[in-house]
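TrEMBL has this to say about the protein:
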| type | residues | note |
| --- | --- | --- |
| DOMAIN | 1-355 | domain 'Major facilitator superfamily (MFS) profile' |
| TRANSMEM | 31-51 | transmembrane segment |
| TRANSMEM | 57-79 | transmembrane segment |
| TRANSMEM | 91-112 | transmembrane segment |
| TRANSMEM | 176-199 | transmembrane segment |
| TRANSMEM | 211-233 | transmembrane segment |
| TRANSMEM | 239-265 | transmembrane segment |
| TRANSMEM | 277-296 | transmembrane segment |
Amino acid sequence: MQGVILGSFYYGYSISQIPGARLAEIYSGKWIFGFGIFISALLTFLIPEAAKFHTTALIVVRALQGLAQGVTFPALYNLLGRWTLEEEKTLIESFVVNGINVGTVIGLPLAAKLTNSSWFGGWPAAFYVIGKTPMHDIKELQHITAFQMSDHEPVECLSLKTAKNAAGGVSVVLKILLSLLTCCSPISGCIGSVVGLLISSSAGCDITLQICAFGITMAAVGMWSCSYMISYLDISPEYAGTLIGISSTFSGFTGFITPIFVGALTDKQPTFAQWRFIFGVTIILIISSAIVYQLFATATKQFWDEEQHLERDARFRNYYRRLFRRKRDNTNSKWDSVVETEHEGEVYIEQKFRL
């Protein structure tokens, strides 16, 4: 039953991936991402009460939570594909995705501490505190939006411009280094994950070694994010959300299959030998997936992504033409015409004024 409860999250998570990606492409990834996080946070508050009520209620709440969180990753990649520059996407994507690992490192010890406390009855406090994390009150929002560029002196703007140029230079260097390590990054991540699992399977009840194994595995996951996770943005920045949605739909199946598989092996014989067998199966899957990725994966932008960019640029140009002409015709402004010019492959729309 524990395996069913743990895997119930992925029932909904697998279902909402592709619909979430399409909704993000149509209605903006910002709103879909925020909606998914908000609903997931609300459902987190309900988990303690659902667990006290009935096992079925807990499974339903977890499945609904997975349904809400399933839209977040496609929406996030939709934003990354449209907002990040070509020379910065690897660095920004790695920074964003590794926030998941940071949350795991912080959340697990925090949950253990709250569970052992008397606050809100012990273990329910972990769900209440973590559920509150995505929600901000008025003062927090005011603090976040307090920095307004227009309210500061030009000198500060120049300083930021200089810092931006310096950061751009660093990102170019990082891009060159990462392009040289395209093959090394997935291999390094594979080796790190295998080493971490081998240490964990042989460490037994040694807490220090288990913590070291966990740290090595999480570091390896960070290396993976610089390789296969960035491939979605390389192949198609425009459809990165849909691509990761399709991929996560199939990978999400393992989320509810694995707990059932592990539970079937360990319920009657929870021994170190059984766990070593489970780790061995995991190592085989990691190595085989790394080989498949290394042989067949590509980082070349696809032609259908370029066609979509051209189509969207044409829509934007037509929209701004209509917008400028409508304003010129309906107001007494000094606009005389709208002129479209092209420079180095970029199309610019500018307003001409009467003198």
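The backbone N, Cα and C atoms fix where each Cβ goes, and this holds for glycine too.
On a predicted model such as this, the values are computed, not experimentally measured, just so you know.
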Counting Cβ pairs under 8 Å that sit 6 or more residues apart, are there three or more between the transmembrane segment (57-79) and the transmembrane segment (277-296)?
no
Please indicate, using numbers and ranges, the residues of the same chain that are 6 or more beyond the transmembrane segment (31-51) and have a C-beta under 8 Å from a C-beta there.
20, 23-24, 57-58, 60-62, 64-65, 68-72, 74-76, 78-79, 121, 123-124, 127-128, 130-135
Which sequence positions outside the transmembrane segment (239-265), separated from its termini by at least 6 residues, show Cβ-Cβ distances below 8 Å to it?
2-4, 6-11, 13-15, 17-18, 20-22, 24-25, 29, 70, 73-78, 80-81, 232-233, 274, 277-278, 304-305, 308
